[in-house]
Amino acid sequence: MNDLSQYLYFIEQSHLNQSAGRIEASKKDAIAAIKILNTLAKTLAKEDKCYNIVQQLSRYTLAYYDQIDKDGLSLSTKMEWLGSKSYMPLISFSSSLNSADSKFIAINEMYIDPDSNLEQVPDRLSVGFKNVTIQPFGSTSHDLTDLYQDLLANCSFVSSVLSIVDSQAKTSLKLQDLISPHGPSNKYKIVFNFNGARRVVCVDSRLPFPNVDRSLFLSSFSDHSLYWPAMVEKAFLKVMGEGYAFSGSNMAMDTYLLSGWIPEIIRIRNNMLPPQFETLWKLLQEGEVLLGVGTGKLSNELAKQLNLISHHDYTMVSMNSDGSIVLKNPWIERENINTRFITIDEFTHVKSLYVNWKNNFRMCSKVTFIHRGSSKYFFENPQYSITNKSDEIQDVWLLLERHLSGEDISIRLGVYKSENGDRVLIPNQFEFINASDRDTNNRLYLVKLKIEPRKSYTAVVTSSSGCTFTLSCLSNINTDIVKARFANPNSLPVQEDEWDITNSGGNWSFSSFINNPQYSIEITAESNLQLALFSNSPKTVVNFHLFHSEKGSINIPLRTFDKKKLLLHENYNEGYQIYHFRNLQPGYYKLVLSTFDVGVRDGYQLLANFSEVSSVKISKIWNHLGLFTEKRQIEWSNSNRFKLHFSVDNFKSKMTFHIQHRNGANEYESSSSYRPGIRASIFHARTQAPIQINENWSESLYGVFVDCFLEWPGEFILLVERFEQGPGRCTVEIGSSTKFSLTT
């Protein structure tokens with residue numbers, strides 16, 4: 001029925017538009033689909049077998065139309081539609097009808113696949129594409145056991161096909177169920193599991209015939225007219241994007257695409273099958289798993305000696321009493337079946353055991369998301385929390401699928417035993433459950449967990465390049481995947497800045513510590529506060545210190561290291577510092593960010609999240625003495641005092657003087673350096689009248705600060721004294737709210 005193919009076009013476009021937020025366009029397409037059904041309903045008799053189909057579609061479409069403008073689609077569902085427009089997600093209209101049904105293929109439709117990638121063939125091979133006629137076929141699998149590959153390097157796919165075919169007596173898997181129609185057609189629809197959903201792939205009826213007496217497509221050595229498996233193969237090659245110049249995959253990945261059975265790759269270690277192999281073999285006999293193996297790299301001589309093929313996948317057929325395994329080779333050259341079955345009794349050259357698990361879990365939740373690629377900071381990676389809400393240990397499997405992109409991308413799914421499913425800020429913040437797992441360039445990544453009662457875990461996805469992913473959570477209880485959040489629900493924008501030559505003051509034992517980046521924090525209500533500092537370089541050793549402050553000095557940089565006001569004094573760490581303050585009281589605080597050494601140049605990010613809404617304000621402190629500044633260095637030359645003359649031209653000038661002793665050429669001193677007692681006072685130059693007198697001596701590592709307010713313009717004297725005569729030099733920094741000048 002040509003009308004049903006048009007109906008499907010409009011209903012798929014409606015789903016696309018709804019997912020893209022184009023609600024009016026979505027409703028318009030849905031109405032067009034409804035009109036087609038109304039026309040068909042008027043022309044069909046009730047006893048017509050197509051009438052019931054139209055009724056099913058009408059019920060689905062009317063219900064679908066009613067929810068379009070409610071925008072009830074989850075972000076993951078929207079991304080399923082938007083993420084792969086060439087391969088539409090399978091639509092289930094009813095329990096017996098879906099969008100891959102042959103009823104949606106127009107009779108005698110002339111279809112030429114527009115995907116030019118399908119015409120790619122191996123180098124130096126002359127190939128002609130010809131239409132083939134597929135004879136009607138049913139559910140029997142008699143001829144499918146003789147399928148083989150020849151010229152095409154797709155052993156993983158053919159092994160997957162053979163494993164499914166060989167299991168059909170023990171499982172519900174049927175290769176025939178993937179393709180429609182089951183007979184002659186110019187267009188075929190094949191359903192695969194990829195890109196986060198069951199999707200429909202369309203191909204035409206052309207196959208490649210080389211100019212040699214060999215086969216470039218999946219064939220049967222017992223039935224040369226068996227073409228429909230080659231259509232399934234063609235759809236697979238279309239999805240992979242390389243056509244008949246396919247470069248390879250692995251059996252576990254391809255079996256998942258064909259069956260949806262959960263893939264696991266077990267690395268062969270110490271030349272032995274894994275300890276759980278006997279259990280796996282029993283499960284194979286029970287139809288609960290599919291098994292295969294993949295070889296590593298073999299030289300031509302060794303491959304011939306072992307009767308194995310380098311980097312090749314095989315289906316596992318049987319196990320002998322002596323423990324040897326019989327493998328089924330998917331590749332046959334010129335229909336020579338003598339190499340079809342191979343017996344191996346040691347596994348030195350077997351690299352991987354492929355396992356595909358039947359999904360016996362009762363629940364499945366999933367989320368589709370975009371990864372922006374290699375992240376500068378670990379916490380920027382997509383993260384999702386999983387919680388066991390029951391009072392029993394639960395088996396939970398997490399399956400990460402990287403959507404097809406044509407790139408070679410390295411991925412990893414790390415799972416952490418976090419507090420309340422919190423976002424993981426650094427890799428060693430929480431217990432790393434699957435730390436032994438490695439990065440992989442496979443598209444699928446399985447992590448099997450046993451989650452303790454009432455505990456939460458956080459899954460972190462890392463990727464070497466930007467890509468779309470789907471994360472599925474399989475369990476026997478209702479286990480939601482939710483985006484992991486920081487320890488507290490409220491966050492401030494990330495503060496990004498850097499340590500440079502002017503503000504990299506090192507740790508508190510250096511006089512330059514007070515030059516480090518500083519922030520004022522105002523707490524307006526009792527709140528938990530998590531602070532996290534990250535350096536751009538993971539090797540930079542960093543820390544932060546939080547001090548009590550007063551409202552009047554909230555924007556004044558720290559002038560001393562007062563341990564009585566210090567709330568936190570942790571050790572320095574490479575790359576990060578994290579601390580969670582509990583029940584922080586209302587008030588004012590100063591935060592100092594430092595590297596361990598002086599003069600380190602690196603960028604940083606400061607994160608802050610807190611429990612109470614609008615309870616925390618953080619602002620950068622301008623670390624200068626004033627709007628106008630000057631700096632002088634004076635040699636002591638064994639004297640104990642000097643005068644610095646300056647003039648002010650404006651009324652009401654606020655001035656600050658910072659005086660520090662220097663023993664040598666460095667611009668900073670350490671806590672162990674010699675420091676004389678220093679004091680400083682200010683006098684009127686003409687009258688010698690004291691403006692501000694300081695009688696106390698200070699040996700502070702961070703120097704002496706003098707603040708004064710000058711009501712009138714004029715000339716003034718800064719008198720700097722040291723307790724005893726001696727060498728060295730004195731650095732004087734002056735800052736003012738108005739212009740001033742040094743006269744000597």
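The backbone N, Cα and C atoms fix where each Cβ goes, and this holds for glycine too.
Keep in mind that TrEMBL annotations are predicted by a computer and have not been checked by a curator.
For reference, TrEMBL has these:
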{"type": "DOMAIN", "residues": "145-335", "note": "domain 'Calpain catalytic'"}
{"type": "ACT_SITE", "residues": "CYS155", "note": "active site"}
{"type": "ACT_SITE", "residues": "HIS312", "note": "active site"}
{"type": "ACT_SITE", "residues": "ASN329", "note": "active site"}
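Shown here: features listed in TrEMBL, placed on the structure.
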residue : record      : Cβ within 10 Å
CYS155  : active site : 26
HIS312  : active site : 21
ASN329  : active site : 23
What is the interatomic distance between the Cα atoms of CYS155 (active site) and HIS312 (active site), given in whole Å? 6
CYS155 (active site) falls, by DSSP collapsed to helix, strand or coil, into helix
Tell me the Cα distance separating HIS312 (active site) from ASN329 (active site), rounded to the nearest angstrom. 9
